[in-house]
Amino acid sequence: MIELRNLSQRFPGPGGWVEALRNINLTIPQGEVFGIIGRSGAGKSTLVRTINLLTRPTEGNVVVGGRDLTMLPAGALREARREIGMIFQHFNLLSSRTVFDNVALPLELAGASRAEIDAAVLPLLDLVGLSAQKDRYPSQISGGQKQRVGIARALASQPKVLLSDEATSALDPETTRSILDLLKRINRELGLTIVLITHQMEVIKQVCDRVAVLDAGRVVEEGRVIDVFLQPHHEVTRALIGDVIAQELPPALKARVAERLKTGRGHLLRLAFTGSGVDQPILSETIRRYELDFNILHGQIDEIQGQAFGSLAVLAGGEPGKVGQALAFLREQGVVVEELSYVE
């Protein structure tokens, strides 16, 4: 549905050219919720704005629905953009227009009749849960409701793609969850492709199918959300995941473990379980089979897209040969094993 091919974006800056995007290649299938995450300044907003050519790339191609937007003349590009809705961190509602009239605005600009507007807007207000607020003004509704108006307005032209640029970053956690639930419902019921920009891994965890991690204008990691959580490879990804699931021991515990490792022998491991592995007695079976001592230092169980996910930090002790066999056994059971340190 969406293909970004060798995409680069440069801007002139005070000290020379700024490389905002560097050779981005992404493919987003139709109907997927795709997350793009990174710290501030990573190039996320620049990237999402190239998808509808609000920002035209310096190099590369943007293909949406089989059409290369970078090659379209102005009139055809305007037509293609009607199939791409967009919501922002700031709601950009017109204070002098009611909720209904804000949602109706794109249709009015497209020359739709009043009957066509009514037929389109009323179901959208029902979809986003604002039927009872249709005659209110932006000053009379909450921040979460304003974002729902923004979503309904973005859907008014019946787009096939919805771009979300930090749409929940100004909202409280409870409202954020409700907006993300709404986006999942829209994706499910309308078959809409959603590209979601955020700096919060919690948002990615809750709603996205796949994710790309952006750093300094480059995609440094990409994959299914569950896989990226299980085995993050890049240090930026590890830091972002650490905001949601602890990747390291708390400092005080880490210091105590370091002291213990100095006086003996042991393996400090991080074990990650997913799916049915979370519910199985894999660890106790490993202990019995290989006569090991496992000291659980730190643990967490969470859920990613309805799939259970567990992470444990353990200190393993036993005969070196049996420890190696145990780690191989754990991997055979689908456990992701990461050796954090080994002290003889």
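Glycine residues also receive a Cβ, built from the backbone N, Cα and C atoms like all the rest.
According to Swiss-Prot, the protein has these features:
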type	residues	note
BINDING	G38, R39, S40, G41, A42, G43, K44, S45	ATP binding site
DOMAIN	2-241	domain 'ABC transporter'
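Location within the structure of each feature annotated in Swiss-Prot.
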{"residue": "G38", "record": "ATP binding site", "Cβ neighbours (10 Å)": "25"}
{"residue": "R39", "record": "ATP binding site", "Cβ neighbours (10 Å)": "14"}
{"residue": "S40", "record": "ATP binding site", "Cβ neighbours (10 Å)": "7"}
{"residue": "G41", "record": "ATP binding site", "Cβ neighbours (10 Å)": "13"}
{"residue": "A42", "record": "ATP binding site", "Cβ neighbours (10 Å)": "23"}
{"residue": "G43", "record": "ATP binding site", "Cβ neighbours (10 Å)": "23"}
{"residue": "K44", "record": "ATP binding site", "Cβ neighbours (10 Å)": "23"}
{"residue": "S45", "record": "ATP binding site", "Cβ neighbours (10 Å)": "20"}
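According to its DSSP assignment, R39 (ATP binding site) is coil. Apart from G38, R39, S40, G41, A42, G43, K44, S45, the ATP site neighbourhood in this chain, defined by C-beta within 8 angstroms of the site C-beta centre, holds H199, L214. Note on the domain 'ABC transporter' (2-241): mean pLDDT across this stretch is 93.
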